[in-house]
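Asker: From TrEMBL, here are the annotated features:
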type: DOMAIN; residues: 23-287; note: domain 'NADH:quinone oxidoreductase/Mrp antiporter transmembrane'
type: TRANSMEM; residues: 60-80; note: transmembrane segment
type: TRANSMEM; residues: 92-115; note: transmembrane segment
type: TRANSMEM; residues: 151-170; note: transmembrane segment
type: TRANSMEM; residues: 177-195; note: transmembrane segment
type: TRANSMEM; residues: 201-220; note: transmembrane segment
type: TRANSMEM; residues: 232-254; note: transmembrane segment
type: TRANSMEM; residues: 274-293; note: transmembrane segment
type: DOMAIN; residues: 289-341; note: domain 'NADH dehydrogenase subunit 2 C-terminal'
type: TRANSMEM; residues: 323-346; note: transmembrane segment
Amino acid sequence: MNPYVLTTLIFALGLGTTVTFASSHWLLAWMGLEMNTLAIIPLMAQHHHPRAVEAATKYFLIQATAAAMLLFAATTNAWVTAQWDILQMSHPFTVTLITLALALKIGLAPLHSWLPEVLQGLDLTTGLILSTWQKLAPFALLVQIQPANPWLLIVLGIASTLIGGWGGLNQTQLRKILAYSSIAHLGWMILVLQFSPSLTLLALFTYLIMTFSMFIIFKLNKSTTINSLATSWAKTPALTSLTPLILLSLGGLPPLTGFMPKWLILQELSKQDLPAIATMAALSALLSLYFYLRLSYAMTLTMSPNNLPGTTPWRLRHTQLTLPLATSALATVALLPLMPAAMALLTP
């Protein structure tokens, strides 16, 4: 892609998210979300592969549907209450419709089925943008509105954690596994959103770091399936040794960073007299942990078959920058001791 076009699209992505962050008017927020959608679609279809074009088309249709729902709900709210302020949402119907529209935008269950298929059709760099940056603007709106029915977010969160765990069990494509991992993590964030928004932001921050690390690792190894992970020992042995720690951090095992938000979310749910919901969320984490362990096993404890037509690739000098990966991998593994400082910054 032409670097000037690429720069323009990246700038439009950042501007769309910033407009949504800064807006207090529903039309401005909607405009920022549309800028985001229109900026990422050329990035999705840049390789002119049928799967990429299909993914871009699906993404456009889903985002257009969600944007139409959001605009309809905001217009209905303005008709009923005579105001467009995001923080002044009071009508139960419009709040529920906007919550469902934003859930469709980020891929919460049961509105999730588009996310694995779209992510599977993209290259790893665009998939990284879709899994991280594109979640920020809808989350900024979700944090600002309070649903009329407190059980709506709880049902969406539990459904996402369960489906994100079940869906990834039988997958062999790494991008689909990361998609279901994203759905499960989003479920944890949504569960605690109405009780402690600061915890949701902490979980979102740690999710962004961990997902960034995994996408960069797969991009460095040029791996898109579980079988291709078996060649990692020959290409990047040091990184292959570190990757299981990052995967287990995604699964939420102590003493790694991913344990921090899950522990605090379970604690908050227990404080809110929701022990059954906390138990279901904790058990659903075991489902996700299984396929993280499966990836760890495939990457570190298996060797790729060697034959004459296809020998194991040897270590070559990489042209990709490793500093972002080193920084994010360190944060993914070792941020747990900084939990009190993070909570002090996020607590009002």
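Counting starts with 1 at the first residue shown.
Including glycine, each Cβ sits where the backbone N, Cα and C put it.
TrEMBL does not curate its annotations; it predicts them automatically.
Help me picture these features in the structure, burial and contacts included.
Answerer: Among residues of the same chain six or more beyond the transmembrane segment (60-80), those with a C-beta under 8 A of the stretch's C-beta atoms are 26-27, 30, 33-34, 37, 41, 89, 91, 93-94, 97-98, 100-102, 104-105, 114, 118.
Here the transmembrane segment (92-115) has Cβ contacts under 8 Å with residues 33, 58-59, 62-63, 65-67, 69-70, 72-74, 76-77, 80, 134-135, 138-139, 141-142, 145-149, 152-153, 156-157, 159-160, 162-164, 179, 182-183, 186-187, 190 of the same chain, all six or more residues outside its ends.
Counting residues 6+ beyond its ends, the transmembrane segment (177-195) has Cβ neighbours under 8 Å at 103, 106-109, 112, 115-116, 119-120, 127, 131, 135, 139, 142-143, 146-147, 150, 153-154, 156-165, 167-168, 171, 203-204, 207, 211, 214-215, 250, 261-262, 265, 268-269, 271-272, 277, 281, 284-285, 287-288, 291-292, 295 in the same chain.
Outside the transmembrane segment (323-346), and at least 6 residues removed from its termini, the chain residues within Cβ reach (under 8 Å) are 198-199, 201-202, 206, 209-210, 212-213, 216-217, 220, 239, 242, 245-246, 249-250, 254-260, 264.
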